[in-house]
Structures are given as C-alpha cells and as structure tokens.
Amino acid sequence: MLKKNKLALVLAGVLFSGYLYAAEPYDSSQSYPKGSQVNVDGQLYEAKWWANPGQSPTDDYANDWDSPWKLIGDTEPTPGPEPGPEPGPGDVTPFIPGQTQVNNGDMVSYNGECFIAKNSPGTWETPSASSWFWDLVDCPDDGNGPTDPPIDPPQLEFSIVSPNNNDSLELNQNTSITTRIVGGGAEKVEFWVNNGKFGEQNVEKSKELYSQSWTPTEVGSAAISVYVYAADNQLIEQQSVNVNVFEEEELPSAPEVRFISPNNGSKFDVPATVAIAVQATDKDENLVSVVVKANNQQICEFDARTETEFACNWNATTPGNVTLETIAIDDSDLAARASIQITINEEEITPPPPTGELCDDFNVYPDWTRGDHASNGDIMVHNNIAYEAIYWTQSTPGSDGSWNHHVNCDGTPPGTAPLLSLPNPLDPVRLEVAGWPNHLVVASPSTAAPSSIVIDTVNSDEIADLAKLT
C-alpha cells in the first residue's frame, strides 16, 4: 500500500509539473474566471475570483487579499524532497472548511477521500483533486474505511444584483449597490469603489439582500467591488463590476415672451397710435433681440443685450384686422413667439345736415313768433342762424343780450359764418340764401389761376346780368 501511495505522489507531481508548463501568458485584454492560471515573467498565478480585464497579477495593492490573483510559484518548480513515510491510519485529520489548519505534508480526509497538503493551504482551501494545495491519495487502510464521515461544506451563494457590469451612472446622483449573500459562513460584507471602502454590513441568516448607497463624485470609469468575509475576518469571496459615471449635459433653455399691451381683441379708430409693450425673459440670461411685427411687417426692434424694457408706439393708418407678433431670440438661436389680434376701425364722419334742415320749424325774422315780438324760449332765425329769446324782446335776433345763440342752420360750429348755398342755377341765374349778403364772389375752376368776379349785391341789375355771372 505504501508503494502505491508513493507512486501516486510521483505521478501527481509529474502531472502538476506539466500543468505549470501549460499555463498561458497573462493577457490584459481578457477576463479570467476563478481558478484560471496564467504565466507572468516565469511566475504562475491563479485567479482567486473573477478578474476583470486590466487587473494584472503584478498590480500593487494595499493588502494582498485585495488582489484577485494569488502567486502559485515558479513555472519551473525545483525538485522537492523525496516523500516521507506514509502516515498511518491515525494520522488522517478530518478537514472542516474554515476551521482545519494544516501544514504541508499533513493528510486530511474530506468527503470520503484523502488528501496530502502542499503549498500551505488555508482553512477555506477545500480539498479537491484539481486544487493546487492538495494531492489526492489513497486513504490508509485500517480495515474500517475512511476515518471520518463525509462533511457537507457550507455553500455560499453570492452575486452583485445591481448595478450591472458596464452600467452608466449619473454624476452626483445617489445609487444603490445591492448584493445577494446566502450561506457559506459569511459574517461580514464590505462595499468598495476603486480603492476606497464606503460601506460595511453584518451578514444576517434571515437576510439575503444587502444594499449600500453611493453617490459618484467623479466622471469616468469606476470599479465597484463587494467582499464577503468569514467570522475570522478571512476573505471568502469577492466580485466586481465596472460602471461608467457621466455628467448629464444641461441643454440651453428657450426664451419666454408675451404681450403686456395692447390686450388681445383691442380696437382702435384710424388714425391711431397703438402703445405696444412686451415682456421677454431667458432662463440662461442670454437674450439677444426682441422684435414686434404687424401683419408680418417689422414695426419695433430692441437690442436685448443693452435694453431691458421693450415698449414702442405704432401709428396705425390702415383700417382692418392686424396680427401683432413678437419674437424673442437668444444667443443659441432659440426663439419664442407670441401674437395677438387687434382691429383698426375706419373713422366715422357724420356729414352735416343739409343747409336749413335744422331750422325748418323756426320762424324767420321778421316773422315774429308773437305777432310783433318774441317771448322767453321763442326761437327765430336771422342770417341762417337760430337764436332763442331770453325774455320779451322786439330786437333783431342775435343783435343784443336778449338773445342766446341756438344753432347754425347749416350745421357749422357756433361762432363760424354760415355756409353759402348755391342751388342749381335756373335761367336766369337764381342765387338765394337765408338773409341777403351784401357781397358775392363767384369763381370758376380753370387750369390756370381761377378768375373771380366781385359783384355789388346792392345793384340788382348786376346780379341779373348773366354775362357777368358767367
């Protein structure tokens, strides 16, 4: 049996030596799962957990347990000493993960198999045929089989729930790092970003999810790592994800503009002076110009870089509906518009009543209202002007203080001379006005300066002379 054990040890050494030579050179662009072995400058390294691209075995870390790699040894191991005598049945120690401490050459039993320790395995280096720390050997035969019953190791279920690898996180926005931990003798979990720890929590048997808030303060790539420790502060497992921290670009804001005056629907009579006032603002304080248009024709313009009040007057001379529009523009060429509708009405002109129409119902002097006089309130017409008697009077209407002006019979304003009425001429010419004038000027249109004839109306013969009047 001892010869068989020695032969197994020799074969294991040969196989392991070939495995060392087969380790591939480290590639910084690749990621490596737990247990992967790489060759760097003649040194053999094995991944303790998932190693991300760029996490070189030769990187410097504050603590050895922070590195995802462990040094196995030279790729060309030196011959070791000859194996010593095989241990007897009483020298086999049951291996309990997390508790059993061994030295190189110690034999342990695990899950019904026996192993020889090498390369100083830790308490969590569970024996297996593929492990760098153990050689599988035949168990000593004492006639009773294995010296210890199989022990089921505690199984650790561990994963980072969020964020996912290569997620994007916004600068200065709080986020939660969430991990799931079940079993495995875990007692503590730590949360790290790059090389700094930002949180630590105790693991509870009744709890699976553990969250730690984190607010990124720098733009760029960040490595988030979660470490799980046993009761003796020994690292059980570690996982990492890479995230990208970005700063959201703030887009420029468009201006805001509105009409202060006039109000929508306002009406004006032509010709009208319309007072226009506009309020324009910009959140970014980079307003450039403000213009006002009437039916698409610019009527006001302001330099918003030097002016803060936007008011002007517009002289409206054309009747009709008008669309007033104001446009505010900032230095990003963002524009805001506002419009209202106003109406410019035509001026209503009331034509004067026909001559004499206002005085048709009044007596014409000297046709007295009271036979030979007028009393208070009586109205009489003299020289095409109506006067009202203030008291009993026999004076000519309008000649003294016994009369008040009532109305010009031709509709002209008080205090102005009455209009001359020239009806269509008869044959012979007939000129008739209320109250006979003592002077007439007759003029006719001409391409040259008009000619005029002055007639002394006292001479009735001249008035009857048709040749002189034409």
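Here the Cβ of each residue, glycine as well, is placed from N, Cα and C on the backbone.
As written in TrEMBL, here are the features:
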| type | residues | note |
| --- | --- | --- |
| COMPBIAS | 78-88 | compositional bias 'Pro residues' |
| DOMAIN | 23-72 | domain 'Chitin-binding type-3' |
| DOMAIN | 92-137 | domain 'Chitin-binding type-3' |
| DOMAIN | 365-406 | domain 'Chitin-binding type-3' |
| REGION | 55-94 | region 'Disordered' |
| SIGNAL | 1-22 | signal peptide |
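Note on the domain 'Chitin-binding type-3' (92-137): DSSP counts are 0 helix, 16 strand, 30 coil. For the domain 'Chitin-binding type-3' (23-72), the DSSP-based tally of helix, strand and coil residues reads 3 helix, 17 strand, 30 coil.
Here the domain 'Chitin-binding type-3' (365-406) has, by DSSP, the following mix of helix, strand and coil residues: 0 helix, 15 strand, 27 coil.
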